[in-house]
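Novice: Got a structure here, written out as structure tokens. Questions coming.
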Amino acid sequence: MAGGNCGSASRQRRQRLFYEACIPALLLALLACRYGVPPNSNSTVLCAVALILSLSSLVLRLVWSNEDSTHPHVYRPGADDGAVWGSLLVPISVLATSVGAAEASTDFIPGASRLYPAIVLSLGMSVTFMAHYQWSRIRKTALYVEASCFIWALWLACTIAIGYAGKAALGDTFGLVQSIAVLLIASVAQHVWRNEILRSLPRSFTTGEAAVFTQGLALVAVDFAIQMGYRLQADSPDSEYWEPHMHVLCLEAVVLSLWMAGSVLARVMATGVLGKRARRGVPGLMVLGSVFGGFGVLALALVSYISQIHPIRWILATAFGSPAHIAVLAYWLALLAVAGAVYAVAQGDVSESTKFMLHVKRKSYHVLAALMFVPGLVYARPLLYMGFAVAVAGFVVAECMRALDLGPCSTSIDAFMRRFIDYRDAGPVVTAHFYLLLGCALPVWLGHGSVSNLAGVLSLGIADTAASLVGMKLGRVRWPGTAKTVEGTVGFCLSLLAAIGVVLWLLKGGEGVGWYWYALVSVVVGVLEALTEQNDNLVVPLCMYALMQALP
């Protein structure tokens, strides 16, 4: 009887994971077709590669859905490997941004032409990740030689095709060999970074989550390097084409400096240079400040050199350059003060709270995100764009203090963070708050549009909160193989659709899209939230963002 139940549960899980995989696979195919119209040689090649990638992801899930490569000592427990998302999510996001940029651009986010290298690189890295993953799964099978030849032959064909299309992204001085070399360097770099993250931060990520993170990091590094290269060759005929956008340049500098500072700091602390008392005292703060401050100064210097604009003056002008920005800043400060006061009053009752009330307190941060970020997007989008970068930097510094036990505040930060963690925070770093912030920030950083920019805020701040609370209080019918309920998913869909309506009202009208399309987006995103075993704070916002950009 127990064996039958286990077999039924395994079968339900395989079906659920396949249905989940259908969402990103079909979404990538849809975006690829939209990107390939009107057709030209390069867009047709990239569209074909994207379609092959989509089909391969479905084959992967059909063949390997009964396997779980999540090693309990390396990967995040309680989740599938996430290989489908690791292969598709970054190309989906980049193609969605390009499709949106072709129809609407802003004065501080690059247009579609600037996104072409990112499309090429994202597809190249994803093809390599998919090929390596499938090859690693067949090494102990009877058809190892035949399957290996097929996988790597298909990888080689796709890489050459992407390299051919990538020549247009690198200028006339680059040929096919140089283009393929750039693809391989980026692919190897993200592979090394992914393994380093999984080794250094065990039980914190699935393979797919780590792949998404490192592919995004590689895209940022390559774009920053391209801008630096064109600054060094200021007389190049393509230099005006790569004229830097300060918002994007500053964001990339922040991301790269945080990555390097965190890596250096972790290695310094691993040497045992400071004892426990020194780490929690002034010496620990000095080391923290020196590392992050040093890389911060380097980032400012590089931004100043590339843009020929003083970054500090530009940041101050962005923050205080208009009455709307000042009003939004005042609103944020007031809201944070109120939230801090409420938390201080409520924290004494946590031990006596019911499970439901503890859940309410965790989800209150989702509501706080919605209250903060919706007015920012409506009235001060450039400020919100940079505000997210500052917030991410603050979260990374605070998490380094907590995880490495640096400074006198590390214990207090650890107590605060652990009060709201869930089963997904099984590793040495707390990812819940970071994923929530990143899920809200990425659509703003990527997007061209109004509702799509708020995909993270609406899906996490409002819909996910409603789904959680409705499911806990009213949920009776569970999705097969999960703890989530159908009633919670209905609450997710209805609250998301209502939130979209409120945003459209605030923006004084829609975007030329019928309500049935918004309803379809709400249903697809709600089903994805119910089915996925990956961190929904990452995949749900980006999926909703891509769906909004793909609307006709």
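Placement of Cβ uses the backbone N, Cα and C atoms for every residue, glycine included.
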Novice: What range among 205-226, 381-402 does TrEMBL describe as transmembrane segment?
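Specialist: In TrEMBL, residues 205-226 carry the label transmembrane segment.
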Novice: Going along the chain, which residues at least six beyond the ends of the transmembrane segment (83-102) come within the CB cut-off of under 8 Å?
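Specialist: Apart from its flanks, the transmembrane segment (83-102) reaches 20-21, 24-25, 27-28, 31-32, 34-35, 50, 53-54, 56-57, 60-61, 64, 69, 109-112, 115-116, 118-119, 122-123, 125-126, 129-130, 133, 207-212, 215-216, 219, 442, 446-449, 452, 534, 538-539, 542-543, 545-546, 549-550.
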Novice: Who are the long-range neighbours of the transmembrane segment (17-37) in its own chain, taking Cβ under 8 Å and residues 6 or more past its ends?
Specialist: 43-44, 46-47, 50-51, 53-55, 57-58, 60-62, 65, 80, 84-85, 88-89, 91-92, 95-96, 98-99, 119, 524, 527-528, 531-533, 543, 546-547, 549-550
Novice: Could you pull out which residues elsewhere in the chain have a CB under 8 Å from any CB of the transmembrane segment (513-531), counting only those six or more residues past its ends?
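Specialist: Sequence-remote neighbours of the transmembrane segment (513-531) are 16-17, 19-20, 23, 451, 459, 463-464, 467, 479, 482, 484, 486, 488-490, 492-494, 496-497, 500, 539-540, 543-544, 547-548, 551-552.
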